[in-house]
Amino acid sequence: MSDLVKVTLPDGSQKEAPRGTPVIDFVKGQIGPGLAKAAYFARLDGEPVDLSRAIERDARLEIVTTRSPEALEVARHDAAHVMASVVQKLYPGTQVTIGPAIEDGFYYDFARETPFTPEDLERIEKATNEAIKADLPFVRSEISMEAALALFEGMGERYKVEIVKDIAAKGAKTLTLYKHGDWVDFCLGPHGPSTGRIGVVKLLNVAGAYWRGDAKNAMLQRIYGTAFFDKKELDAHLAKLEEVKKRDHRRLGPQLGLFTFHEFAPGAPFWLPAGTVLYNVLEDAMRRLVLKNGYQEVKTPLLFNKRLWETSGHWGKYRENMFLVVDSESDPALPLEDRCSFSLKPMNCPSHHLIYRMDKRSYRELPVRYFTTDALHRNEASGSLGGLTRVRQFEQDDAHIYLREEQVTDEVLRIFELMKVVYGAFGLGFEATFSTRPEQRIGDDALWDRAEALLRKSLDATGLKWTLNAGDGAFYGPKIDMLVTDSLGRKWQTCTIQLDYAAPERFDLTFVGEDNKEHRPVVIHRAIYGSFERFVAILVEHYAGAFPAWLAPVQARVVTVSDRFEAWAREAGEALQARGWRVEVDASSDKLGAKIRNAQLAKIPFTLVVGEKEVEAKGVSPRRHGGEDLKTMPLEAFAELMTREATAPF
């Protein structure tokens with residue numbers, strides 16, 4: 001065996017180094033000190049490794065620097081380790097559990113009887129940043145599972161012991177440890193070279209979290225934080241978080257009179273008058289769009305016998321998320337025909353399959369596209385409910401398309417065109433993910449192979465860049481999920497396109513082909529908004545409650561300079577209402593400045609001032625939300641402006 005190894009760099013060039021050379025030494029000696037200084041971790045043949053890892057074989061080497069988001073993710077995991085070590089030093093007896101990097105930050109879960117206070121958080125943050133400055137190296141080692149178990153048992157870390165036992169039960173023989181100073185934890189890594197490379201840490205808040213996400217387990221304390229290499233970047237991020245708080249739909253929704261919740265109906269929103277207008281505008285726009293694109297609207301029952309869900313597979317795979325309304329199967333007092341179970345539907349697809357099956361179908365009819373906005377109910381855990389983004393009762397712009405296999409790619413392209421129209425109207429960017437077969441699924445592997453290959457081909461045909469989300473498909477088929485990007489750069493999952501070969505088999509769905517024989521159709525499940533509730537939450541935060549004129553619950557408010565001008569104000573308001581615009585009149589005794597301010601606070605797109613000159617001109621003086629004053633114009637001219645700016649774009 002040669003004492004030298006060949007290292008292939010990203011540009012294809014090759015260099016030689018003594019076997020066993022640490023990555024960081026290779027970079028310093030063979031590439032240059034600049035890259036070595038910027039390096040945070042590396043990849044050897046695609047595997048993320050520490051910079052201290054020895055190069056033992058010929059390999060491809062990629063250096064990940066602090067300019068990469070991936071390096072920041074590793075640094076945040078480093079920060080979680082440092083924070084945990086500080087917590088155990090400041091609060092002896094605290095048990096550590098898990099502490100991963102997450103989007104935009106990190107957290108660590110602690111078992112401690114006394115709750116952490118805001119003052120504790122400040123103390124921990126200060127000590128964490130001091131520990132970072134100590135610039136202690138992260139040292140990696142591997143030990144046997146037996147030694148790991150003895151180590152953490154000796155430390156009294158019962159949660160770590162539980163995890164070690166689980167890892168051992170899966171067949172692992174060794175465990176990777178990382179140590180900085182005298183504090184040690186296990187994880188896969190990689191980590192940065194030392195604590196001093198992390199940058200600056202800010203702790204954000206403390207929340208409760210059940211051990212392993214199970215409400216039957218102990219309640220832990222989760223400390224959230226974030227880290228950045230540069231304080232300016234941290235400050236910008238904190239400013240963004242403040243803006244996120246201001247835009248929180250849970251705050252703005254009730255403030256703007258859109259929706260509220262009540263303890264008597266957890267997870268089910270009450271849509272207030274303004275919110276109902278917004279909801280209906282969204283629903284009507286989508287209905288117009290799909291009906292002119294070959295869809296047929298249907299409505300089906302909310303309550304179904306469990307036999308439907310047994311046929312669809314939901315009873316076996318999804319029952320814990322369903323609301324069982326009637327359960328009388330074992331009631332001896334009832335006649336046999338009345339002994340049954342009923343549940344509220346969590347999905348529309350099975351009922352649409354029943355409609356498709358009611359008639360004999362020809363290949364000439366396909367695709368058949370059913371659309372609905374029926375209410376759905378899913379039994380989400382109470383702890384997971386949060387505003388409109390996670391609810392128990394909701395509606396979707398739900399559609400199911402029955403078609404021949406060779407029509408799938410064209411149909412996916414049609415759906416993408418609809419999606420671009422919708423997201424473009426709201427100024428939302430988007431990207432795609434492709435989700436493949438999950439562990440819990442129906443249908444054999446051959447069917448899944450076929451479905452995944454076809455949907456991947458269809459996704460490629462759109463020309464969009466996409467990422468793979470392995471194992472996250474629906475239990476009946478692979479799917480494309482769309483992530484929209486809002487005005488704050490946050491990503492939200494909305495549109496889904498799911499390909500289903502299993503339902504036609506389970507429901508015996510057929511069509512008569514050109515050969516006059518029966519064939520199975522393929523089913524596409526698709527939604528563009530996703531749930532209306534979640535989409536409204538996205539829009540509230542995207543627009544900070546200041547909706548565009550076509551979407552706003554109130555599009556214009558007429559305000560009077562004084563009560564002398566009330567007659568024309570009401571006449572103007574009624575004339576605009578007669579044209580279909582959503583207009584209010586404020587002829588209260590408040591001063592004009594207060595009326596304008598109230599309209600601005602209500603985020604109404606246009607405030608129409610009416611005083612003496614407006615009465616004389618039979619017009620209005622519009623002011624846009626945000627303060628731009630338009631010149632006085634005849635009422636007809638403003639109506640034309642509304643036609644241009646307040647007509648639904650789809």
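Note: Cβ is positioned from N, Cα and C throughout, glycine not excepted.
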Residue from CYS349, CYS495 that Swiss-Prot also lists as binding Zn(2+) with HIS400, HIS525: CYS349
Composition by DSSP (helix, strand, coil) of residues within the domain 'TGS' (3-65): 15 helix, 30 strand, 18 coil
Candidates CYS349, HIS400, HIS525: member of the binding-site residues with the richest Cβ shell (10 Å): HIS400
Env. residues of Zn(2+) site, Cβ within 8 Å of mean position of CYS349, HIS400, HIS525 Cβ: MET347, ASN348, HIS352, HIS353, ASP398, ALA399, ILE401, GLN498, ASP500, ALA503, VAL523, ILE524, ARG526
